[in-house]
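See structure below.
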Amino acid sequence: MRSTVGPAFVAAIAYVDPGNVASNVSAGARFGYLLVWVVVTANAMAGLVQFLSAKLGIVAGISLPEAVRARTCRPVRLLYWGQAEIVAVATDLAEVVGGAIALNLLFGLPLVVGGVITGVVSMALLVFQDRGERWFERAIIGLLAVVAVGFVVSAVVARPAPQEAAAGLVPAFAGADSVVLAAAMLGATVMPHAVYLHSGLVRDRFGPVRSGDHRRLLWGTRIDVTSSMFIAGVVNMSMLLLAASALQGSGGDVESISGAHAAVTNALGGGVGLLFAIGLLASGFASSSVGAYAGAMIMDGLLQRRVPLVLRRMITLVPAVAVLAAGVDPSRALIVSQVVLSFGIPFALIPLVRFTSDATLMGQWVNRRGV
């Protein structure tokens with residue numbers, strides 16, 4: 001069982017990245033508990049999607065980008081890669097900006113400097129990947145634990161209202177702004193690059209799998225996905241509940257991450273504010289390195305071109321730092337990046353469902369009717 005645990009936790013860091021912080025905090029601060037149902041729905045979808053991605057890697061022995069390359073002509077492949085690169089840039093924008101904001105909150109560093117430091121730290125984390133996948137997994141899981149502690153403890157201290165939170169499980173909107181925020185939350189939770197990445201992670205972990213081992217590995221993977229997505233869901237819910245209980249109606253700039261941090265600090269104390277900032281920093285560092293790893297895997301799978309991870313890291317880091325240097329409101333940039341990511345979801349999900357529903361590719365492990 002231990003041999004199957006790990007890949008889903010690496011993918012799960014994408015579900016608690018700074019984009020999630022911005023979207024969930026903004027949703028809670030503006031609409032209270034109204035969009036609780038979006039968090040629950042999005043995380044349930046994410047669990048199913050990540051399992052399908054892992055199943056493709058285990059049974060077919062290929063990553064999702066490799067499957068797309070094998071079944072499309074060159075022009076379609078290039079267009080598909082183009083949209084995947086746009087998704088990668090939007091993803092990295094969120095991770096780098098989030099890390100920069102956290103460093104500004106903790107140490108007062110300028111955002112541009114914080115963005116560069118986030119990029120450098122993410123490169124350092126990728127060194128663990130060169131030492132072996134298990135080293136990289138352990139580093140990312142450690143940072144995921146820091147994120148979880150930071151936001152879950154903060155939410156517990158904030159003492160959310162259970163009845164109001166339960167009422168938020170009923171699907172509802174409150175105008176166009178809530179719809180846009182729901183789309184941002186969906187884009188922040190169902191991350192296209194995590195879908196591409198997970199299939200490659202399990203392919204590399206297990207290598208060629210004998211048909212007799214499929215059942216055991218899929219069972220272990222189901223546990224891996226369920227546990228990691230449960231943790232990610234609890235963290236996402238904690239972000240929204242924290243904002244809904246401590247920030248809604250508090251006045252001031254509570255929709256930005258910096259404003260939310262200040263409001264949380266004033267309402268709940270410096271200790272909670274510190275946990276908030278540390279959780280955000282760990283989120284930015286971990287998700288940035290995972291995003292770069294996913295980008296390299298996507299390019300290799302679609303174009304069969306291997307790019308050194310450090311160079312790959314620079315390709316998407318430069319636009320993010322440029323946005324910070326241009327003086328764009330960082331919290332607004334985070335929200336916009338998540339909306340952009342929501343448009344990339346169908347390009348990952350449609351091929352994934354199609355390939356895992358193909359009996360010639362999946363054999364007896366083909367999707368059942370209704371998936």
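Note: Cβ is positioned from N, Cα and C throughout, glycine not excepted.
Predicted, not measured: the structure shown is a model, and the values here were computed from it.
As annotated in TrEMBL, transmembrane segment covers the listed stretch 107-128 rather than the other ranges in 63-84, 107-128. Nonlocal intrachain contacts for the transmembrane segment (140-158), taken as residues 6+ away from its ends with a CB within less than 8 angstroms of a stretch CB, comprise 6, 9-10, 12-13, 16, 21, 125, 231, 234-235, 237-239, 241-242, 245-246, 264, 267-269, 272, 275-276, 278-280, 282-283, 285-286, 289-290.
Packing against the transmembrane segment (34-58) from elsewhere in the chain are residues 7-8, 11-12, 15, 24, 27-28, 64, 67, 165, 168-174, 178, 181-182, 185-186, 189-191, 194-196, 198-203, 206, 209, 214, 217-218, 221-222, 224-226, 228-229, 232-233, 236-237, 240-241, 349, 352-353, 355-356, 362, 365, 367, 371: each is 6 or more residues past its ends and has a CB under 8 Å from a CB in it. The list of residues near the transmembrane segment (178-202) in space but at least 6 beyond its ends in sequence, with Cβ under 8 angstroms from a Cβ of it, reads 7-8, 10-12, 14-15, 17, 19-20, 22-24, 26-27, 30-31, 34-35, 38-39, 42-43, 45-46, 49-50, 53-54, 56-58, 62-65, 67, 84, 87-88, 91, 94, 133, 221, 236, 290-291, 293-295, 297-298, 301, 335, 338-345, 347-349, 352.
Listed as Cβ neighbours of the transmembrane segment (334-353) (distance under 8 Å, sequence separation of 6 or more from its ends, same chain) are residues 18-19, 21-23, 26, 49, 52-53, 56, 64, 67-68, 80, 83-84, 86-87, 90-91, 93-94, 97-98, 180-181, 183-188, 190-192, 195-196, 257, 367, 371.
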